């Protein structure tokens, strides 16, 4: 898109302001380079990219290249490759020789270094070295290289070596420029830590206090656990047992000896669970939730300011003085040249809509405040609905408008139609639960499929097919695909005479899909998908670190035997485990012997149940201090990360229920209503004959502006940032705008590149 | 307080408006009866009592009697007695003959009937019969009596009888007039049910879908569970197993056979847990939270309206016309007569403060809007702080103001003093963890105690003792009691040479108590105490019903043997349990053989862990349909009630963090600042000599108004209603006032006595 900018003034890099351009103030005609620079600013603002690049022509070219999707994909490919090396390294799922993995790792390091070098060329040098995330990446690269050299040397000398730099690998995922969401999540956690820490201290004190009470109350009663061991006699063991009880993993077993001895002791445990499990865990959720929200709000505020700052810059490039001493503005003409550069595939109707929303006073130009909205407007997905008539109406107008046909349309559009099919679905559900081998039931499947097919055909008869299958009608597509594939699968099965392995699955999906209420819940779940993906990355980072540590500490201490005849299978190949719950429950495959088992084991520990049995297994094969590993994992993942996850889901659902409109969306709606009113007025004037006219012009290449209705695309957000901004919009000052240059420079200073290393304290 | 009102117009009961008095509009002098009626309205508003009593003199007298604390206590005594009959009835903890428990129950029924009769006399007859909670109580009483007659007859004829009416007993707790909080909680749950139901359906569909996938994926692989049983071959068993997996109780055991066969199957289970345990459970919390909040807000809005309505009535009784055609007002004089009737023990300074807040324009009278605030103002607990000088300053002025003494004061008030004692506490904590038998350590306890005592003495030296030990300084009292009792206990122990059984407990409490940050968290927990009490009642109601059902279904199927030599102990006295996990884990005492064990068992089921083992135990001794009992219990308690509990704790903590002031509290603060300013001005005018003067007048019987500072008592709320109102105050219209009589009548209709049976749909 962009040609080399050749204008002289572009050649002076304005390093001090991080690439801020000082406009020449006059009404000189804007060059193509100006528009291109402005377009970069606008799309940076639109996608919340926060890089203060040089405005020199080379730097701008490099900057565009830096954001090229192929380079980004390559980067992620190398990150994933680097992380997945754990599969091939000792202890390996698929062992490869050390030189092979080392070679691949070297390639990865080279790729990261190149990417870093590229980034260094894009932004001013002093910015580069001030940014903690760059320093972190460089340190990771250097440390990894050092570790590889040492490890290689030790291997060559046949000594024992530890590849400790493997725990650093996920840091690359956090600290690449694109890992913004992930960095933000980590920063939120770090900022919430002090508050969590105090509650945690109190919580630990409570456990210590209860443990002491338990020791005094039960320690001298000579009770025995179910294994015949002394019960509640060692203080540190009691503390651990009661910590496990907080996670509920050993309830009610830990209580049983005392309860069997005297009913009254149950009061102690019930009180303990009430205070430590229910109240403290709720308080943890409250504290994590509250702090997470608070800091995220601060982050989003900075994000919005940075975005506005970018837009102010784009404005500065494009502005013109309408009259002497007046406010600088952006003219319609300049705007029309800018938009295709920002979003080439935007249809003219949408461009018109965006302009109407910005220029709501119909002045023909935009001032700064109006121009700044553009970035948010581009993020609102708007669907242009063209009122089209059904093709049957054109082909067989008499038939389609006859009384029976009209009756069918009325029936299909009636609420009862939906209810009737809900009932059919319910009956279908009952049939699915019944025995499949009964011929009556397997044949009934044909009836249901026919009914579902009939439903789709009827809908196609009533609604315009292109509208029905438009890109945004996800559920119609989904319905049809499910029914058609179920039809094909059932046909194939009955032709082959096989028992229909997976068709019932399709049928069940079909059932869920058909109930309207479910769709709204599923829509919400789909909408928070990207955010859940960020949590997925977060979890992978934490799991990876714990897996690497766990593999170093526990590898091959517990073995799994596929061959069930092996006598060692009884105790997972480790005599220490003989007779333990770990071996008795056949948990041998839950081990740290490779990265895949480690991840599965960590999931099991996250689920918490039986984690005391799992951890005690590893404590048995090493020593008591191994408990620390498992307790720290529990605190990190279950108390902090899972609570943040819950907080996020709660927040997203509350948003869904409250159904707030952003101010921009409101404007679009208003504009839309006005347009629809206009159309109505027109049609009233043109009276009846317009109907056929409109239907006739449907295929004409120039649809009249007034025949178009816009709809905001079912609130789906393109970016997580947009979702976050929406969550906190009510609390953000509507026009918190850096008004003068000094303020801008200050903001640039304090808000540039929020990174993992340097958030607000 | 109240004499018989003898005025004639009081004798006309105004039944149609539920006892609303039509004021005679004029400025006739108010009688004592007028003030008393107004006082009843005000205190009804203050405590959110919502009874539309007759205003006839007998009815008013009966109404006051109805609210007498002795009668209320008696009612609760009989309710508790009635509920606790379960301890003595078959299956009993302490068996009593049937005639004895029946007799006591008859007494209880009589008491409830009398209370009901009393209530019927207080409110108009048509109101009484329209109120579902009265009908509910009457139905319960009639059904219970019927059941008792039938059961008695069957017993007399030596037939088997079931006391089914026992499950109805908790309904009395809900439906007595005083059970407002509990009714509200139930109403909130009921209103949230439709939304929860849809999510639950989707959740069940998801489980069914995954079960079908599991059956197809794993059913034909001939895998075996750890007990050697076929793995995942029966659809209904898979559904149950996967439902249990949602609660995480059988993780990872249910996965192990598949995981051992192939690592890839772990993906299925991880996906299942992610979707059903993490996402769906979060969605449940979100839905429950959101609906609970929404309906509670609606309830609180009604509560506030009803309260304002009461205040409007009180105003109508007391109002006077200041000038012809002007707004009716309440004069200062009438006010002064009203307040002692509402709250006899209010000091004159607080009365003055309340007047100042209401009459903020200093007009000498109150209009309707200002008068209505009174009920809320009386609920704000205000402490009057009298600035007092230290007694040492009076006794030894020279010594106390000497340089060393001033230095001590400065040190004690310094931040470092607190930090120093935090460090001492930390060292103490370490010492507590060490072995108690070491003489060095047991003696060190004396050092710590001395230090703590020194801390208290120093504080008493610096701060005024009466202020230090004032009624509202909970923590100072607590500190001193703990230190003194630890001192006594340690002395007694060392005198007797015993090992100090419980002193370390006191020491640990002392440690927690000493860290400032902890106190704020504990304060919050104390503040939400009353609300937790409501949840306690809720839980008792639900547990009681399930315990009664459980005892009918499962009594004596599982037996516990105290005598460990009994061979039946191995299988809990039921051969069916031989070799089951239930018997192997020695869960025999977890049974439904009496009401106490039932409650403990239900707590264990609430904690969820091992609930599949517990339920499968009872399934083994009865049949598979017993699972329904346990699943319904899980859905009711864990998915709904516990989530509401979490929602409430979250909401209370957010309130604590946001630290909103109500508008009235803000007014008090402002007034206070003005007063303080006034005092400052005075002291500046009087210059230095006032200091001694003020100190001298400290003991004078008439403290000058300007020497008084008010403080809002650390945000502790007298009633749950006040807390709720505060939570939702931001969302309530500030002056949503019923302006005319028709509106009032309407409101009376729609808001009268919100009860369990008739909430908003």
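Note that Cβ sites are derived from N, Cα and C of the backbone, with glycine treated the same way.
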Range annotated as transmembrane segment - as stated in TrEMBL, picked from A:20-46, A:155-181, A:263-289: A:263-289
Averaged pLDDT score, the domain 'Ion transport' (A:70-295): 88
Stretch with greatest number of CB pairs under 8 Å, the transmembrane segment (A:94-114) reference, A:135-154, A:196-219, A:231-251, A:626-650 candidates: A:135-154
Seg_contact(the transmembrane segment (A:474-496), the transmembrane segment (A:528-549)) with at least 3 CB pairs under 8 angstroms, min sep 6: no
Within-chain partners of the transmembrane segment (A:263-289) [C-beta distance under 8 Å, separation at least 6 from its ends]: 192, 195-196, 199-200, 203, 206-207, 210, 213-214, 217-218, 242, 245-248, 251-252, 254-255, 639-640, 643-644, 646-647, 650
Contact between the transmembrane segment (A:69-88) and the transmembrane segment (A:528-549) (at least 3 Cβ pairs under 8 Å, separation 6+): yes
Spatial neighbours of the transmembrane segment (A:135-154) far in sequence, C-beta under 8 Å, 6+ residues away: 98, 102, 105-106, 109, 112-113, 116, 129, 160-165, 168-169, 171-172, 174-176, 756-757
